[in-house]
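These notes concern the structure reproduced below.
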């Protein structure tokens, strides 16, 4: 029974950690995000009352020390902003929008394959919008020069494009700009069928003097996302920059202090959301300085940018540069494909696989394999769980073999307790000697529990972060595996015309999970200690309410895992000659307790 008690204490400790972790990592950030969103909205309303919208974009001050930071955004509707300057239409299988010829900005982009809700008639996702709108978000590539070089392409430079130009996956567009010093900039923009833009620039010097230039690239965003952030997921600045490797910086950290990694060669940088991202891959052979910055003038503005070392274009010569711009959904095979085909270092880390990367990503690959076969990610979760249980079967077998041996040792353990009733140290020494003689490892039963913790959190990451799970249906009422079960027992699962308090929302799948957890715990004898027994009885109920707000896919996994565990434990216990006490324990719940003898 000591082994069982030890396992109970471990389970209790883990349960407490999970509950506290859930509160700290999930609920607290949601509450804080809602509070900040309300404060930001109030501050914005106050700002709009005293600040008149700027009339058009103004060229920011440009220095040789950093990329342009943009300007405080005006507040205009999308339609008004799109009419302020000429544009080139973007139309591909995955994207729609336009390129702003003022600055050659990519600032109008929608993702055709994704809707805001599970309803296909809902609006498609807007990734980029012009700086003049409330939540402006764009990428821009330009140059920094000196008075001697004349005007060079920057935020307000008006490029020219052929009449009727249209960017598709098959037809690139070519933009051009010539200044009064004889510098001609020719920019060819192409895009593939998904989300990667290639921007190839050619600079020709037809003037009389050498031209010293630096190129820059930036991803600029006005205001933070309004979706609640959680600590298990990184949203904000991201990049793989030279020897510094992967850098993930929260918005809040940059608000306190700008981040400027060491000068580097190679890599990429940008801004990432849960499902979407915008990144720039600079020319990989040139040294550059990267910056993650925050600007508080006007609307809050966040910027990831780079500026490369100065280079010189001699008279009569030309130079060519190429940048890559990723703007779209973080689809796993697409991201992996870009990493391989463009040799972008660690580009797959754009998806937040977490600390258990070596488990999380292979688990997604396995799940994706089953999805391709069955066409349903819910079924893929069930199949993946079976594979994981099969892999852990030898460990589980050892665990229950250890439990069987411990149960066989109970009579001897009781004798030792009676013999050393007043000698705690002597009991411990005698117990350890008994373990040694019988070749029993008292902690053998703990390893399967400990080893499955990374598996659980890795699966949670897969379900929570991968866009493939977004709006992925199961069967029946589950239309989105990445969202909580929408049903609730409060209104009898939709039969009554009200919702009830959110705290009491308890869907069908959390109920199923609670029942399976209850049955699994009844496979073992109830602890003799009253406190342990009380926790033993209440744990399924606590977990039901705790998991009610978790993604439905995770709850389905847990319920299915419990079911498989019951079957697995019963099989192993029979193989080792241990009585399965499930039905006896269930019957014991309904037996009337005998009155104590007087």
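Note: Cβ is positioned from N, Cα and C throughout, glycine not excepted.
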For the feature transmembrane segment as recorded in Swiss-Prot, pick the matching range from 426-446, 447-467, 468-488. 447-467
Surrounding residues of the transmembrane segment (377-397) on its own chain - C-beta under 8 Å, 6+ positions past either end: 363, 366-371, 447-448, 451-452, 455, 459, 463, 468-469, 472-475, 478, 481, 553, 556-557, 560-561, 564-565, 568-569, 572, 575
Who are the long-range neighbours of the transmembrane segment (538-558) in its own chain, taking Cβ under 8 Å and residues 6 or more past its ends? 11-12, 15, 18-19, 22, 26-27, 377-378, 381-382, 385, 459-460, 463-464, 469, 472, 474, 478, 480-485, 505-507, 509-511, 513-518, 521
